[in-house]
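Visitor: What follows is a structure written as C-alpha coordinates; I'll ask about it next.
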Amino acid sequence: MSSSVFTKTSAVPKASAKAALPAAMFCRNFGIKSTLHAQKLMAKLARQDKLQMQTPQQDTLLDDMPRELKLPMTPLPIRADTMEQLWTTKNLESLDIGIKKHRAPENIADKIAYYAVKSARKPTDIFFRNKYLHRSVMLEVVAAVPGMVGALIRHVKSLQGMRHDGGWIGHLLHEAENERMHLMTWMEVGKPVLWERALIATVQTGFFAVFSLLYMVSPRTAHRVVGYLEEEAVTSYTHFIKEIDAGRIENVKAPDIAIAYWNLDENATLRDVVLAVRADEALHRDTNHHFSDRIRAGRESLFEDLEYSEDQPRIKH
(Lines of atoms letter the chains of each structure in order from A and count residues from 1; the text may use other names and numbers.)
(Lines give C-alpha, C1' and ligand atoms only; values in the text may rest on other atoms or scores of the structure.)
Protein backbone atom coordinates (compact mmCIF):
# COMPACT_ATOMS: atom_id res chain seq x y z
CA MET A 1 0.00 0.00 0.00
CA SER A 2 1.52 3.26 -1.10
CA SER A 3 1.80 6.01 1.47
CA SER A 4 2.28 8.84 -0.99
CA VAL A 5 0.94 10.04 -4.31
CA PHE A 6 4.25 11.60 -5.23
CA THR A 7 6.69 9.82 -7.51
CA LYS A 8 10.44 10.06 -7.21
CA THR A 9 12.27 12.16 -9.77
CA SER A 10 15.94 12.61 -10.40
CA ALA A 11 15.76 16.38 -10.36
CA VAL A 12 13.21 19.00 -9.34
CA PRO A 13 12.29 21.41 -12.16
CA LYS A 14 13.45 24.98 -11.68
CA ALA A 15 9.90 26.24 -12.05
CA SER A 16 8.82 23.84 -9.33
CA ALA A 17 11.51 25.11 -7.02
CA LYS A 18 10.31 28.66 -7.61
CA ALA A 19 6.76 27.59 -6.80
CA ALA A 20 8.03 26.18 -3.52
CA LEU A 21 9.57 29.48 -2.42
CA PRO A 22 6.33 31.04 -1.05
CA ALA A 23 5.79 27.96 1.11
CA ALA A 24 9.29 28.32 2.51
CA MET A 25 8.71 32.01 3.21
CA PHE A 26 5.45 31.15 4.96
CA CYS A 27 7.18 28.60 7.17
CA ARG A 28 9.89 31.09 8.11
CA ASN A 29 7.42 33.87 8.88
CA PHE A 30 5.39 31.65 11.19
CA GLY A 31 8.35 29.97 12.85
CA ILE A 32 7.86 26.53 11.29
CA LYS A 33 11.12 24.65 11.48
CA SER A 34 10.34 22.05 8.83
CA THR A 35 10.85 24.44 5.91
CA LEU A 36 12.34 21.67 3.79
CA HIS A 37 9.13 19.67 4.13
CA ALA A 38 7.11 22.51 2.65
CA GLN A 39 9.66 23.07 -0.12
CA LYS A 40 9.62 19.40 -0.99
CA LEU A 41 5.85 19.24 -1.03
CA MET A 42 5.36 22.33 -3.17
CA ALA A 43 8.07 21.25 -5.60
CA LYS A 44 6.51 17.83 -6.07
CA LEU A 45 3.02 19.24 -6.47
CA ALA A 46 4.15 21.44 -9.38
CA ARG A 47 3.70 19.54 -12.65
CA GLN A 48 6.41 20.28 -15.17
CA ASP A 49 4.18 19.69 -18.18
CA LYS A 50 1.76 22.36 -16.99
CA LEU A 51 4.47 24.87 -16.15
CA GLN A 52 6.12 24.72 -19.58
CA MET A 53 4.02 26.80 -21.97
CA GLN A 54 4.06 25.30 -25.47
CA THR A 55 1.76 27.56 -27.51
CA PRO A 56 1.52 31.34 -28.03
CA GLN A 57 -1.98 31.29 -26.53
CA GLN A 58 -0.68 29.64 -23.37
CA ASP A 59 2.18 32.13 -23.17
CA THR A 60 -0.33 34.98 -23.38
CA LEU A 61 -2.41 33.47 -20.62
CA LEU A 62 0.65 33.22 -18.39
CA ASP A 63 1.69 36.80 -19.15
CA ASP A 64 -1.79 38.09 -18.32
CA MET A 65 -2.01 36.05 -15.13
CA PRO A 66 -2.07 38.27 -11.99
CA ARG A 67 1.07 37.86 -9.93
CA GLU A 68 -0.93 36.85 -6.85
CA LEU A 69 -2.39 33.84 -8.67
CA LYS A 70 1.10 32.50 -9.30
CA LEU A 71 1.73 32.17 -5.58
CA PRO A 72 0.50 28.80 -4.23
CA MET A 73 -1.93 29.14 -1.33
CA THR A 74 -0.47 27.03 1.46
CA PRO A 75 -3.20 25.63 3.76
CA LEU A 76 -2.84 26.68 7.38
CA PRO A 77 -3.05 24.02 10.11
CA ILE A 78 -6.01 24.49 12.44
CA ARG A 79 -4.04 24.39 15.70
CA ALA A 80 -1.73 27.31 16.43
CA ASP A 81 0.74 25.09 18.30
CA THR A 82 1.30 23.08 15.11
CA MET A 83 3.25 26.02 13.70
CA GLU A 84 5.40 26.51 16.78
CA GLN A 85 7.57 23.39 16.65
CA LEU A 86 8.46 20.27 14.72
CA TRP A 87 6.01 17.61 15.89
CA THR A 88 7.29 14.23 17.00
CA THR A 89 5.41 11.23 18.35
CA LYS A 90 6.23 12.32 21.89
CA ASN A 91 4.86 15.83 21.32
CA LEU A 92 1.66 14.52 19.78
CA GLU A 93 1.04 12.02 22.56
CA SER A 94 1.56 14.70 25.20
CA LEU A 95 -1.25 16.92 23.86
CA ASP A 96 -4.13 17.18 26.31
CA ILE A 97 -7.14 17.07 23.99
CA GLY A 98 -9.74 15.62 26.36
CA ILE A 99 -10.19 12.23 24.69
CA LYS A 100 -13.30 11.37 26.73
CA LYS A 101 -14.67 14.91 26.85
CA HIS A 102 -18.44 15.01 26.34
CA ARG A 103 -21.00 17.80 26.38
CA ALA A 104 -24.15 16.47 28.05
CA PRO A 105 -27.39 17.47 26.26
CA GLU A 106 -29.16 20.24 28.20
CA ASN A 107 -32.40 20.75 26.27
CA ILE A 108 -34.58 19.20 23.60
CA ALA A 109 -32.51 20.59 20.72
CA ASP A 110 -29.33 19.21 22.26
CA LYS A 111 -30.94 15.80 22.72
CA ILE A 112 -32.14 15.74 19.12
CA ALA A 113 -28.61 16.56 17.95
CA TYR A 114 -27.02 13.98 20.23
CA TYR A 115 -29.30 11.06 19.38
CA ALA A 116 -29.25 11.89 15.67
CA VAL A 117 -25.47 11.53 15.68
CA LYS A 118 -25.58 8.38 17.80
CA SER A 119 -28.13 6.76 15.49
CA ALA A 120 -25.98 7.59 12.45
CA ARG A 121 -22.94 5.92 14.01
CA LYS A 122 -24.54 2.48 14.29
CA PRO A 123 -24.90 1.78 10.55
CA THR A 124 -21.42 3.22 10.03
CA ASP A 125 -19.98 0.74 12.54
CA ILE A 126 -21.81 -2.13 10.85
CA PHE A 127 -20.65 -1.14 7.36
CA PHE A 128 -16.99 -0.33 8.03
CA ARG A 129 -16.33 -2.48 11.12
CA ASN A 130 -12.55 -2.29 11.65
CA LYS A 131 -11.70 -0.75 8.26
CA TYR A 132 -10.59 2.49 9.87
CA LEU A 133 -8.79 3.89 6.83
CA HIS A 134 -11.97 3.72 4.77
CA ARG A 135 -14.05 4.92 7.71
CA SER A 136 -11.77 7.95 7.98
CA VAL A 137 -12.33 8.84 4.33
CA MET A 138 -16.10 8.72 4.85
CA LEU A 139 -15.83 10.71 8.07
CA GLU A 140 -13.78 13.50 6.53
CA VAL A 141 -15.98 13.79 3.45
CA VAL A 142 -18.90 14.50 5.78
CA ALA A 143 -16.90 16.59 8.25
CA ALA A 144 -15.76 19.02 5.55
CA VAL A 145 -19.36 20.07 4.85
CA PRO A 146 -20.50 21.95 8.02
CA GLY A 147 -17.77 24.59 8.02
CA MET A 148 -18.36 25.49 4.38
CA VAL A 149 -22.16 25.51 4.77
CA GLY A 150 -22.00 27.64 7.91
CA ALA A 151 -19.58 30.11 6.32
CA LEU A 152 -21.70 30.40 3.17
CA ILE A 153 -24.95 31.04 5.02
CA ARG A 154 -23.35 33.53 7.41
CA HIS A 155 -21.66 35.26 4.49
CA VAL A 156 -25.00 35.75 2.74
CA LYS A 157 -26.68 36.93 5.95
CA SER A 158 -23.86 39.39 6.55
CA LEU A 159 -24.35 40.84 3.09
CA GLN A 160 -28.12 40.98 3.40
CA GLY A 161 -27.98 42.55 6.85
CA MET A 162 -25.06 44.82 5.91
CA ARG A 163 -23.35 44.07 9.21
CA HIS A 164 -20.27 42.24 10.45
CA ASP A 165 -20.63 38.50 10.99
CA GLY A 166 -18.92 38.57 14.40
CA GLY A 167 -15.76 36.85 13.23
CA TRP A 168 -17.25 33.44 12.43
CA ILE A 169 -16.81 33.13 8.66
CA GLY A 170 -13.03 32.90 8.66
CA HIS A 171 -12.99 30.26 11.40
CA LEU A 172 -15.65 28.17 9.66
CA LEU A 173 -13.79 28.29 6.34
CA HIS A 174 -10.60 27.33 8.15
CA GLU A 175 -12.40 24.37 9.70
CA ALA A 176 -13.65 23.24 6.29
CA GLU A 177 -10.17 23.53 4.81
CA ASN A 178 -8.68 21.55 7.69
CA GLU A 179 -11.18 18.74 7.20
CA ARG A 180 -10.42 18.77 3.48
CA MET A 181 -6.72 18.32 4.25
CA HIS A 182 -7.66 15.36 6.43
CA LEU A 183 -9.46 13.88 3.43
CA MET A 184 -6.55 14.52 1.07
CA THR A 185 -4.28 12.72 3.53
CA TRP A 186 -6.52 9.67 3.89
CA MET A 187 -6.99 9.46 0.13
CA GLU A 188 -3.23 9.01 -0.15
CA VAL A 189 -3.20 6.21 2.42
CA GLY A 190 -6.56 4.47 1.97
CA LYS A 191 -6.99 4.49 -1.83
CA PRO A 192 -10.78 3.85 -1.89
CA VAL A 193 -12.07 1.92 -4.90
CA LEU A 194 -14.67 3.18 -7.36
CA TRP A 195 -17.79 1.87 -5.63
CA GLU A 196 -16.61 3.29 -2.30
CA ARG A 197 -16.06 6.67 -3.94
CA ALA A 198 -19.59 6.54 -5.35
CA LEU A 199 -21.04 5.72 -1.94
CA ILE A 200 -19.05 8.49 -0.29
CA ALA A 201 -20.19 11.05 -2.89
CA THR A 202 -23.81 10.03 -2.36
CA VAL A 203 -23.55 10.35 1.42
CA GLN A 204 -21.85 13.73 1.12
CA THR A 205 -24.53 15.08 -1.22
CA GLY A 206 -27.32 13.98 1.09
CA PHE A 207 -25.59 15.36 4.17
CA PHE A 208 -24.91 18.67 2.45
CA ALA A 209 -28.60 19.13 1.68
CA VAL A 210 -29.80 18.11 5.14
CA PHE A 211 -27.20 20.14 7.02
CA SER A 212 -27.83 23.24 4.90
CA LEU A 213 -31.53 23.09 5.74
CA LEU A 214 -30.78 22.51 9.42
CA TYR A 215 -28.37 25.47 9.54
CA MET A 216 -30.95 27.79 7.99
CA VAL A 217 -33.61 26.65 10.47
CA SER A 218 -31.50 26.35 13.63
CA PRO A 219 -27.77 27.17 13.50
CA ARG A 220 -27.52 26.50 17.23
CA THR A 221 -28.66 22.90 16.73
CA ALA A 222 -26.48 22.56 13.64
CA HIS A 223 -23.33 23.46 15.58
CA ARG A 224 -24.36 21.12 18.37
CA VAL A 225 -24.67 18.33 15.81
CA VAL A 226 -21.14 19.05 14.62
CA GLY A 227 -19.89 19.09 18.20
CA TYR A 228 -21.29 15.60 18.75
CA LEU A 229 -20.00 14.42 15.37
CA GLU A 230 -16.53 15.50 16.41
CA GLU A 231 -16.88 13.67 19.72
CA GLU A 232 -17.52 10.53 17.70
CA ALA A 233 -14.59 11.37 15.44
CA VAL A 234 -12.23 11.55 18.42
CA THR A 235 -13.51 8.15 19.54
CA SER A 236 -13.05 6.65 16.06
CA TYR A 237 -9.49 7.91 15.75
CA THR A 238 -8.69 6.60 19.23
CA HIS A 239 -9.82 3.14 18.06
CA PHE A 240 -7.75 3.67 14.90
CA ILE A 241 -4.64 4.21 17.03
CA LYS A 242 -5.38 1.06 19.04
CA GLU A 243 -5.63 -0.96 15.82
CA ILE A 244 -2.22 0.32 14.74
CA ASP A 245 -0.71 -0.43 18.15
CA ALA A 246 -2.15 -3.96 18.00
CA GLY A 247 -0.52 -4.52 14.61
CA ARG A 248 -3.79 -5.00 12.75
CA ILE A 249 -3.12 -1.90 10.63
CA GLU A 250 0.34 -1.40 9.17
CA ASN A 251 2.09 1.67 10.53
CA VAL A 252 3.33 2.91 7.16
CA LYS A 253 5.28 6.08 6.50
CA ALA A 254 3.22 9.26 6.63
CA PRO A 255 2.35 10.83 3.26
CA ASP A 256 4.42 13.88 2.29
CA ILE A 257 1.31 16.05 2.29
CA ALA A 258 0.70 15.20 5.96
CA ILE A 259 4.32 15.78 6.97
CA ALA A 260 4.27 19.26 5.44
CA TYR A 261 0.80 20.26 6.65
CA TRP A 262 1.19 19.24 10.30
CA ASN A 263 4.89 20.10 10.50
CA LEU A 264 5.73 16.50 11.37
CA ASP A 265 9.14 14.90 11.68
CA GLU A 266 10.37 13.61 8.31
CA ASN A 267 10.25 10.06 9.66
CA ALA A 268 6.64 10.38 10.83
CA THR A 269 4.34 7.38 10.47
CA LEU A 270 0.65 6.74 9.98
CA ARG A 271 0.18 6.66 13.74
CA ASP A 272 1.57 10.19 14.04
CA VAL A 273 -0.87 11.37 11.39
CA VAL A 274 -3.81 9.82 13.25
CA LEU A 275 -2.67 11.55 16.45
CA ALA A 276 -2.52 14.89 14.62
CA VAL A 277 -5.92 14.42 13.00
CA ARG A 278 -7.48 13.42 16.32
CA ALA A 279 -6.13 16.60 17.92
CA ASP A 280 -7.74 18.64 15.14
CA GLU A 281 -11.07 16.90 15.64
CA ALA A 282 -10.95 17.60 19.36
CA LEU A 283 -10.53 21.30 18.60
CA HIS A 284 -13.49 21.22 16.18
CA ARG A 285 -15.53 19.51 18.91
CA ASP A 286 -14.82 22.27 21.41
CA THR A 287 -15.24 25.03 18.82
CA ASN A 288 -18.67 23.92 17.63
CA HIS A 289 -20.03 23.35 21.12
CA HIS A 290 -18.79 26.86 21.92
CA PHE A 291 -20.50 28.29 18.83
CA SER A 292 -23.76 26.64 19.86
CA ASP A 293 -23.45 28.11 23.36
CA ARG A 294 -22.86 31.59 21.96
CA ILE A 295 -25.98 31.40 19.83
CA ARG A 296 -27.94 30.21 22.86
CA ALA A 297 -26.61 33.15 24.87
CA GLY A 298 -27.72 35.55 22.15
CA ARG A 299 -24.27 37.10 21.86
CA GLU A 300 -22.52 35.70 18.82
CA SER A 301 -19.61 38.11 18.50
CA LEU A 302 -16.33 36.33 19.13
CA PHE A 303 -15.01 39.53 20.65
CA GLU A 304 -17.12 38.88 23.74
CA ASP A 305 -15.98 36.57 26.52
CA LEU A 306 -18.43 33.83 27.36
CA GLU A 307 -18.79 32.71 30.97
CA TYR A 308 -20.40 29.35 31.68
CA SER A 309 -22.84 28.68 34.49
CA GLU A 310 -24.79 25.56 35.42
CA ASP A 311 -27.96 26.63 33.65
CA GLN A 312 -27.17 29.28 31.05
CA PRO A 313 -24.06 30.65 29.32
CA ARG A 314 -23.48 34.29 30.23
CA ILE A 315 -21.36 37.02 28.74
CA LYS A 316 -18.65 38.61 30.87
CA HIS A 317 -19.00 42.39 30.94
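Every residue gets a Cβ built from N, Cα and C, even glycine.
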Visitor: Besides Glu179, Glu281, His284, which of Glu93, Glu106, Glu230 does TrEMBL list for that Fe cation 2 site?
Guide: Glu230
Visitor: May I ask you to find which of Glu140, Glu232, Glu243 TrEMBL records for the Fe cation 1 site already listed with Glu179, His182, Glu281?
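Guide: Of the residues offered, the record points to Glu140.
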Visitor: Find the shortest Cα-Cα separation between His284 (Fe cation 2 binding site) and the binding-site residues Glu140, Glu179, His182, and name the residue that gives it.
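Guide: Looking at Cα distances from His284 (Fe cation 2 binding site), the smallest one goes to Glu179.
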Visitor: For Glu140 (Fe cation 1 binding site), what is the tally of other C-beta atoms lying within 10 angstroms of its C-beta?
Guide: 23
Visitor: Tell me which of the binding-site residues His182, His284 sits in the most Cβ-dense spot, judged by other Cβ atoms within 10 Å.
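Guide: Per the Cβ count, the most surrounded site is His182.
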Visitor: Among the binding-site residues Glu179, His182, Glu281, which ones place their C-alpha within 10 angstroms of the C-alpha of Glu230 (Fe cation 2 binding site)?
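Guide: Neighbours among binding-site residues, in sequence order: Glu281.
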